[in-house]
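**Q** For reference, the structure I am asking about is given below.
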């Protein structure tokens, strides 16, 4: 990996400073305005859903041949893919490139937040509200009980971090796992379009395997290690916040391991068929 130049670091710091000043002076100037970001996230989901529908009807011949429920899921996955790209980029920046959660900075790590970090969580709350609503509305067509549990836990954890400012680092670590969503959705798109035996399906399966291993297995190991190192600081959080720090990652880890087993099994079958 090429080292990041000092100019790039300075540019990122400058962007963060300007963005946070803009958010602080305008978006957060009124105590009620932060909640508009949640509504903005819901509106963005609606726009992404309709944009997916519009683009697909023009550029994908197989789209018109889908059933009504398949088209609904097709558009829903387009929406979730756009959110996944957005929140993954923001989470990676805040966790690994921003100095907000660095141990070299002053203050307890679990209590650190910024206008920019809170704003991104507000948008994500809007997404989880929208997607969870769709899953429940069309249950179980868009996913079974495991999806309801996953989205409910994510929504509670993200909303708590947004409102309290506590545990935002761990919330963003968990949100990095959304990086795998694009691959999962692409797999469904290829399968639905009748391209299950294509090289694209095979390549996506391999990429999804490694992405899942890194973002949903190894990263969670790092999260638990970080919690262990900062346990004395975490103890100073509110009781509900402490509960979320331990319960949500543990529950999601169990689900991630179960899904990882299915991915590994599916990959083995795909590789066997390709030979």
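For all residues, glycine too, the Cβ spot is worked out from N, Cα and C.
TrEMBL annotations: computationally assigned, not manually curated.
From TrEMBL, for reference:
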TRANSMEM  32-60  transmembrane segment
DOMAIN    69-272  domain 'TLC'
TRANSMEM  81-101  transmembrane segment
TRANSMEM  121-140  transmembrane segment
TRANSMEM  147-163  transmembrane segment
TRANSMEM  169-190  transmembrane segment
TRANSMEM  202-225  transmembrane segment
TRANSMEM  237-260  transmembrane segment
**Q** Determine which residues of the chain contact the transmembrane segment (147-163) at the Cβ level, with the cut-off under 8 Å and only residues 6 or more beyond its ends counted.
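**A** Distal contacts: 113, 118, 121-122, 124-125, 128-129, 131-132, 135-136, 139, 171, 174-175, 240-241, 244, 247-248, 251-252, 255.
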**Q** Among 32-60, 202-225, 237-260, which stretch has the highest count of C-beta pairs below 8 Å with the transmembrane segment (81-101)?
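**A** Ranked by Cβ pairs under 8 Å, first place goes to 32-60.
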**Q** I'm checking region-level scores; what's the whole-number mean pLDDT for the domain 'TLC' (69-272)?
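**A** Computed over the domain 'TLC' (69-272), the mean pLDDT is 95 on the 0 to 100 scale.
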